[in-house]
Structure formats: C-alpha cells, structure tokens
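Report on the following structure.
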Amino acid sequence: MTDSQASQVANNDSSSEEQAANDERAANMDKENVVLRVEDLVKSFGALVATDHASFEVERGTIMGLIGPNGAGKSTLFNLISGFYESDAGRVTVNGTDVTDMEPYEIADHGLIRTFQTPRKLEGMTVREAMLVGPREQPGESFIKLFTDPESVREREQRNLKDAQEILEDFEIDHLATQPATKISGGQLKLVELARAMLAEPEILLLDEPAAGVNPTLRKKLAEQIRRLNEQGTTFLLIEHDMEFVMSLADPVIVLDRGHVLMEGTPDEVQNDEGVIDAYLGG
Amino acid sequence: MSLRAIVDDPNAYWSGLTRAEQGVSGFIAGFVVLLLGGLFTGILAPTYFLFLVGIAGMYSLLSLGLNVQWGYTGLINFSVAAFFGIGAYGTALASASSSPVAGNLAPAVGLFVALVLAAILALLIGIPTLRLRADYLAIASIGLAEVVRIVILNEDQLTNGSAGVRGIPTFFDGWPLLDTFPQTMPSVAVSWLPSGTVVLGQSFWSALLNVVVVVSFIAVSYFVLKRAHRSPWGRVLRTIRSDEDLARALGKNTYRYKMQAFVLGSLIMALAGVFYAHLNLFVSPGDLSPITTFYVWVAVMLGGSGSNRGALFGGFVIVAIREGTRFLNAFEFIPFDVAPLRLLLIGVIIVLLMRFRPEGVLPPQRELIWPSVVDDAPEQPDSGVRDSKAGESND
C-alpha cells in the first residue's frame, strides 16, 4: 500500500461524521423517472474503501456527469454498477430491477451498457465488423441456429449491417467502415465505441472518459453526438476529467470524493462549491 | 473461391490472391510434383503414400479443432493429446474385439461414444476453468493431459493398461459394400512405371478407404467451421479473444461462448482420434504422448491462428516435415542421419516464423461477415484486414 492510500484509509474514519453533515447536500434521491438508482454502495479492496456508501439516481432522458479528483472511485463505481466488480454492500437498480451482483451480460440485458476508458482494438476485424458485435440477441449468436435457421441469421445480419452503416454515417465516420479496426486513430476509436454501444440499444449508457485522448475537433463532434443521442432518448452517465467537456454537456453533475457522493448540482453550482474545490485541491 | 472462377479467368484469379496465398499455392504445386515424382520413380510406395495422406489429414483435423479454441476464442488448450486419446480410446473400447468393457459394437457406435466422452471431458475441465482468466485453463489442461494418459495407463480393467487395445475393426466394418471393398476390388498391376511393376492390392484399397474416412471427417468439420467462423457467433468468439471485457459489457455471456468453442474444438480433436484408431487398428497409452499437442500447436501457429485453411495447411506441413525427413537419408551426400533432427527443424521453423511472420502463413484475410450479406454490400475492403499488421502489402 502506498503512503497516499494509507492516509486515505486513515481519513475515511474521520470522514464519517463529516459525511453525515454532508448528507443533506448529497445526491437528490427523489427523482421522478429513474433509470438507474444506486443505494449505499460499498466496495473495499483490503483496507482501502474505494466506494463508501455511494448513493445517487439518474433520471431518464438526462446526461449526468460524474466527476471527482483522481482516486475518488469513479471507475470503481462504474465497475460495480455494470457488474464487473462485486459490491460488499448496497443495491443497484436498473429500470426498477435489482441488478446487484448480476453478471455484466445480464445487466446489459436490462438496458445498461458501458464503455471503457481505454478501448482495446479488435484485431483482424474491419470497423463495420467490429460494429456488428454491438447488437444484442442476434439469432446468429446461437450456434444451432446457424444450421437450423440460416435465413433468419442472414436477415438479421443484413439489417445489422445496414444499421451499422447508418450510425457510422450519422457519426460521419462511414468512410472508415471497411478499414481495419487496428488502423484508426484513438479518437476515431472512441467514436466507433460509442456508435457500437448504441447498436446495443441501451436505455442508459455509461461512458468512462469518452473525451480522454481525443483531439479538440473530434471532441466537439463527440459532444454533439452524445447530445443528439440524448435528444433521441438515451440516458447517459459519464465520467470525465475534461471540465469544459462535462460542464457543457451534463446536467446535473455529481461529485465523488473518497468513494462517496459529495454533492449533486447544476454545473454552475458544482463549479462554485467550496467543498468541491477543497476536494480537488486535496483540502 | 469457386472452381468456376479459376476456370473462367485463371490470370485474374491468380492476381486476386495475396502474396502469401500465391506462395502457398506455389509451394503446394511444387510439393505435389515432388510427391508424384516419388510415386513415379518408386521411392514412395502408393499404399504408404495414402497412409501419409491419412496421417496428414488427422493432424489437420487436430489443428482445426485447436484453431476453434485458440485461433477463434483465445483459449489455451495444452491437452490436445488427451482429447485425441479420448476419441481413439472411446471408439476402440466400444468396437474392438479385445475391449475389456463393451467390444464388438459397430464403429459408428464407437464414433458416437468417442464424441460423447470428449464432450464430457471438455465440460469437466471447462466448468471450473473457463470462468477464470485464460492462463488457468492453460495450466489445468497441461495437468489434464497427463491425468488422462496415466488413468488410461493404469486402469487395466477398463482400458487394458499398457497392453493397449487390439482388434479394432476398420471404420467401415459391417457397412454394406464398403466393408468388403478392399477384398472385392481386383488387384491392379501398374507396369508402365520406370521403377517396374507396382501391384495395387488389398492393402492399397483399404488405405484408400481410410483416406475417404479422413477426408469426409475434414469436409464435415470444415463446412461447420466455415459457416461458424463467418457468423455472429464466430464474431463474438473473436471479440472474446481480443477483449473479453468488451464482449461482456456488450451483453454477451462469454462463459457460455467459451464453453461452446471449447467443446466444439474438443469434438473435432476426438474425430481425429476416432480416425486414428480405425487406421492403426491398435491404440495404446503411448498414443497420448504430449508431443502430439506440441505438433498441433506448431501446425496452428504455422498456418495462422484463426484461419481454417491455415490449420489445414499447417497439419499437412507438420506431417511433411515429420515423415519427409525420413527420405532425406536417401541422399548420400548428407553425411549424418537427418531423421532425429526433425524436432530441431520444427523448432527452427517456429523461431523463424515468430521472427518474420508472427501471424502465420495464411492468416484470415477477409472480412468475416455472413457470406451473402457482405457480398451484397456496396463497399468492399480494398485489402486484406490482417496484412497491414505485419507490414507487408498485397501488391
């Protein structure tokens, strides 16, 4: 354990009272139409409490930003919600269904899809081929149906390829469709990732640092796309370090500090909050 | 790649191939000429030649099986020999006259028994390991291969132990017509060869039947795999190989897919075992030696992981090296015995391959999308997908 981790653990004890005082400022838990609800989620790795009674709600049709200093536990929270980590305590609900400790693929079936901070390239596939992994419940994903019902496999594949082509056009990257997936730039890869996740038709999409490593031009495009998709009905929850990006896009924003929710508010409220500034400056 | 396209315009077909494909085609053509020369001059006896074709087919089957596991899905299986052995023993114990368990059943029943046993073994090893990281399967499978071999060696009352199982019938035993085909076929004397008269008798016809068996096994496996490879199912497997977490995040039950791929690959390996038992008519625990696993891995890497035709090619090359080195001793100007060096030779090939062409000789070139769909698509990739990675162009 590094020194900073150790001090963080020590801080956690003293912060419980502090946290109680913060509770009325923490996330708004009385939203109307909730897609994702996280209640009292706890996860520790050995002595390090990475997620410390985190609670918040994501309202349908919003873009919610999740920010916090390094080590605040944002990615851990994502991993807990999407089923990649098992939580120690607490509850995650998607569309009213308790998905706590389900497998990631089961959670995806309930409409929650996530992307990764560093997307890995799919070797030996073209971009559109990689896109075709996105759609859920394809008949062609059943080995038996390949031989008993090839016609429905073909029809669905044709439709999926058309959908993939369309969404690539919407993203203005259709010229990449037949390029090897290993050949495109990091920023383009992020766009492809987002486009592919949309093919899975999520109700809520969790984006882990979508703008990291993306050049400013492409970043603008990415923000436009997220906004457009949101207007078409997809709910977003995104982790982002680029403040300009997240503040222009998200409302509300929640701030995570040492594993618990420090506050929730509009971008303006968050930016002018003393507690948030303290958290970022390590106060 | 239809025959018609070749006949219609051979030049266009040739220039449409990648350089690797041209190279392999040239190599195969040269090799076939060499073999024909061997047959013609009498260095290679026709019956022995057919036997070699059978063995090469057997290795190709094993490679096809491993390719499903490693090439498609990225599962590291070091127990190829165990699944091969289970296949061989499965059919042997069901059909052989000296079987301590059942015996004298039809070889078709033996084939069924072998496949069921292989599937059960694959499930047993897959259930605990496939939920874990890839390396656990690798370690467990090394152990499994030895466990299976030692169980077969020691369970005398079930397997005859070190004595092996004798009296295995040929695969077509009990079939109408084909059962007695070698006996009923007349002996053909070929007298126009420069090396003198060669008589193609009973042993030739039964060797030919064996080739028919292995070719049909390969044809069925290849047909199934080809379709699976270009399907959404195969695409999920390839996604798992590159990035399993991504597949999970997109809602794929990766455990189930890995299990399916593992069982499918193991069944194809067992097919190779079934063929071997009815070719050799005798199986013993020595047939499960780990060297088989090693050869098959070399074949898959040589051919190009993830490529079905690469696996076929790799299987044939391995046998060519293994058996071809025997003939090198015929050249008297080589002052030492070449045959014992074949393992060294295979090692050298692997080192060169990893250095100069890590993706293998025939890596998958095309987009793997359901055939009729992608052929209708307006846009086509202008080059192979994998080529760029190795820094070699197509022109």
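In case you wondered, yes, glycine gets a Cβ from its N, Cα and C as well.
Curation plays no part in TrEMBL annotations; they are all automatic predictions.
What TrEMBL lists as compositional bias 'Basic and acidic residues' is B:384-395.
Among the features that TrEMBL reports, region 'Disordered' is placed at B:373-395.
The transmembrane segment annotation in TrEMBL covers B:24-43 (among others).
Per TrEMBL, transmembrane segment is recorded for B:49-68 (among others).
The transmembrane segment annotation in TrEMBL covers B:75-96 (among others). Packing against the transmembrane segment (B:75-96) from elsewhere in the chain are residues 62, 65-66, 69, 102-107, 109-111, 113-118, 121-122, 125, 130, 134-135, 137-138, 141-142, 144-145, 147-149, 152, 158-159, 165-169, 173, 258, 261-262, 265-266, 269-274, 276-278, 283, 285, 287-293, 296-297: each is 6 or more residues past its ends and has a CB under 8 Å from a CB in it.
Within the chain, the transmembrane segment (B:108-127) has long-range Cβ neighbours (under 8 A, six or more residues past its boundaries) at 79, 82-83, 86-95, 137, 140-141, 144, 148, 258-259, 262-263, 266-267, 269-271, 273-274, 277. The transmembrane segment annotation in TrEMBL covers B:108-127 (among others).
Taken from TrEMBL, the feature transmembrane segment applies to B:134-152 (among others).
Annotation comment: TrEMBL describes B:204-225 (among others) as transmembrane segment.
The transmembrane segment feature in TrEMBL is assigned to B:261-282 (among others).
Same-chain neighbours of the transmembrane segment (B:294-321): 24, 31, 52, 55-64, 66-67, 70-72, 78, 80, 218, 222, 225-226, 229, 238, 241, 342, 345-346, 349-350, 353, 359-364, counting only residues six or more beyond its ends whose CB sits under 8 Å from a CB of the stretch. Sequence annotations record features per position, and here TrEMBL assigns transmembrane segment to B:294-321 (among others).
Residues of the same chain lying 6 or more positions beyond the ends of the transmembrane segment (B:333-354) and with a Cβ under 8 Å from any Cβ of it are 295, 298, 301-302, 318, 321-322, 325-326, 360-361. Residues or ranges marked as transmembrane segment by TrEMBL: B:333-354 (among others).
If you look at the transmembrane segment (B:49-68), the same-chain residues 6 or more away from its ends with a CB under 8 A from one of its CBs are 35, 38-39, 77, 80, 83-84, 204, 207-208, 210-211, 213-215, 217-218, 221-222, 225, 228, 261, 264-269, 271-272, 275-276, 279, 292, 295-297, 299-300, 303, 305-308, 310-312, 314-316, 318-320, 323.
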